[in-house]
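Peer 1: From TrEMBL, for reference:
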- 24-44: transmembrane segment (TRANSMEM)
- 71-96: transmembrane segment (TRANSMEM)
- 87-336: domain 'G-protein coupled receptors family 1 profile' (DOMAIN)
- 108-133: transmembrane segment (TRANSMEM)
- 145-166: transmembrane segment (TRANSMEM)
- 243-267: transmembrane segment (TRANSMEM)
- 288-307: transmembrane segment (TRANSMEM)
- 319-338: transmembrane segment (TRANSMEM)
């Protein structure tokens, strides 16, 4: 079966699933963030109060001022966003509708797909509106809200990828105890802890940024509100914020990356001790998809944030930030499903059931 045929089937299946679900999932996730992040400028007051500066809105410079190029970028990003939504909703719907996939690995995968939808929905809808309308402004409050959600979803991705690595470690290194160590109850606790910690982690930094004054330029040389471009525009003292970013970022990156590396070192050691080449291949295949996503995610994060502020280069940051936002969410459905026989079987089963009921 060709890749193009598989992709077409995925889109058809997704549209039918959305129709059957009456768009509940799409409404709750997509339109909520779309309204929250893209209409915030019209919903919030513009008066200057307290210690805020005269700057009440930012101008997002995006990628180019050429109109024709921006329309081309709109089409490109719209297609990318549609692929992200279609692919990840398909994963969530298939896992939810097939009882054979109600296992910790697929529940984590389903949560990862939801996270990818939320992560990109914090940025792309607003970007698409700016590209198509040429109205490239966002209020200072809206910018801070977008920054909070982006940071929260990034933190959640760190934690969730680490928990998924632990799940693969238990499955490969302790297969006999897997069902006792990774029950659905334990899985639910891990997921709740990941999302709660992820939403709480950026609160101190965003509390500091919320009190910043912006009294010089209002031009953000980026395509969304990120930490570095925003800090460069404030006339407030940023030393506390920069120290907090360094401490929190270092701890978050090193702790999650170290735990993930330890998990995979132990997994590789266990696999190498397996005598059967077929068993080795199966063990590697269960971890390859997750390891690919981890490599891409940490690679782009390193390129964007693991540099001193003096080395800030807007064009490079835009490129690496774009990879971080769209690459993993776009590839996630293909990485986890195209070579996963169990998922493909469940998908084809649901696909036949939907078409047979038409």
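Residue 1 is the first one shown; counting continues down the chain.
Positions of Cβ are set from backbone N, Cα and C atoms, glycine also.
Heads up, TrEMBL stuff is auto-annotated, nobody curated it.
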Peer 1: Counting CB pairs under 8 Å, which listed stretch among 71-96, 288-307, 319-338 touches the transmembrane segment (108-133) the most?
Peer 2: 71-96
Peer 1: Near the transmembrane segment (288-307), which residues from the same chain, at least 6 beyond its ends, have a CB less than 8 A from one of its CBs?
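Peer 2: Distant contacts of the transmembrane segment (288-307): 112, 154, 157, 161, 164-165, 168, 249, 253, 257, 260, 264, 316-317, 320-321, 323-324, 327-328, 331-332, 335-336, 339-340.
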Peer 1: Can you give the mean pLDDT for the domain 'G-protein coupled receptors family 1 profile' (87-336), rounded to a whole number?
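Peer 2: Mean per-residue confidence for the domain 'G-protein coupled receptors family 1 profile' (87-336): 87 out of 100.
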